[in-house]
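To keep things clear, I will list the structure first and then write my remarks on it.
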Amino acid sequence: MNCIFLGPPGAGKGTLAFEVSKSYKIPHISTGDLFRAAIKEQTDLGKKVKAVIDSGALVSDDLTIALVKERLERDDTKKGFILDGFPRTIAQADALEDIVKIDSVINFDISDDEVIKRLSGRRVCSSCGQSFHIEFVKPKKEGICDSCSGDLMIRPDDKIEAIQKRLETYRNQTAPLIDYYTKKDLIVNIDARPASEKVLASFKVKFPH
């Protein structure tokens with residue numbers, strides 16, 4: 001099962017991909033993870049990627065395509081994979097066609113208001129990286145990490161202005177992919193509003209294994 005998870009930031013793509021990867025035994029390939037690896041190496045390229053992500057904009061097609069192609073060439077993708085966060089543009093989708101055959105494109109259906117509510121409430125520990133949410137996963141003590149007592153912070157790309165910019169970018173550049181893959185009869189719509197357990201159950205009904 002070679003599939004793409006398509007949807008705005010905050011739609012729950014990463015959460016569902018983790019569960020599907022575990023259940024179906026196929027790798028979850030996130031461009032976010034690929035970017036973070038580049039940033040961690042602190043190369044000139046990694047620093048450029050960090051600056052772009054922090055601003056809420058998108059990394060260039062050429063860089064993203066090269067990172068994804070390299071990952072898809074590994075042996076663990078032979079039985080299938082989940083692409084999360086790629087492609088984001090028609091140009092990337094065209095490039096992907098030259099690399100691998102896609103079986104299904106899962107479209108996460110969710111409103112912008114719900115995305116803003118989810119993302120603006122996220123908090124991350126500045127020390128250990130554990131994630132919380134002011135509404136859904138509250139820390140025991142406001143502003144303090146349950147695990148290490150570190151200070152909780154808002155990531156630059158979780159600030160409302162950055163979220164709105166990311167959503168605008170998504171609607172302008174990525175949403176056209178829905179039409180692109182609809183014409184290829186690959187789109188499968190999933191309601192991304194319910195809790196993650198219900199979204200997973202819906203996925204398993206559509207893709208029994």
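Cβ coordinates are placed from backbone N, Cα and C, and glycine is handled just like the others.
Same-site candidate for ATP binding, as annotated by Swiss-Prot with Gly10, Ala11, Gly12, Lys13, Gly14, Thr15, Ser131, Phe132, Pro194, chosen from Arg36, Arg122: Arg122. Swiss-Prot lists Thr31, Arg36, Ala57, Leu58, Val59, Gly85, Phe86, Pro87, Arg88, Gln92, Arg155 as binding AMP, and of Arg74, Arg166 the one it places in that same site is Arg166.
Here the region 'NMP' (30-59) has long-range neighbours at 14, 17, 67-68, 71, 84-86, 88-89, 156-157, 161-163, 165-166, 169, 173, meaning same-chain residues at least 6 beyond its ends whose C-beta is under 8 angstroms from one of its own. Mean pLDDT of the predicted structure over the region 'LID' (121-158): 93. Residue pair Arg88 (AMP binding site) / Gly12 (ATP binding site) shows a Cα separation of 16 Å.
Straight-line distance linking the Cα atoms of Thr31 (AMP binding site) and Cys148 (Zn(2+) binding site), rounded to a whole number, equals 29 Å.
Sorted by the number of other CB atoms within 10 A, the binding-site residues Phe86, Phe132 start with Phe132, the lowest. Listed in sequence order, the residues of the same chain lying 6 or more apart from Ala57 (AMP binding site) and placing their CB within less than 8 Å of its CB are Lys165, Thr169.
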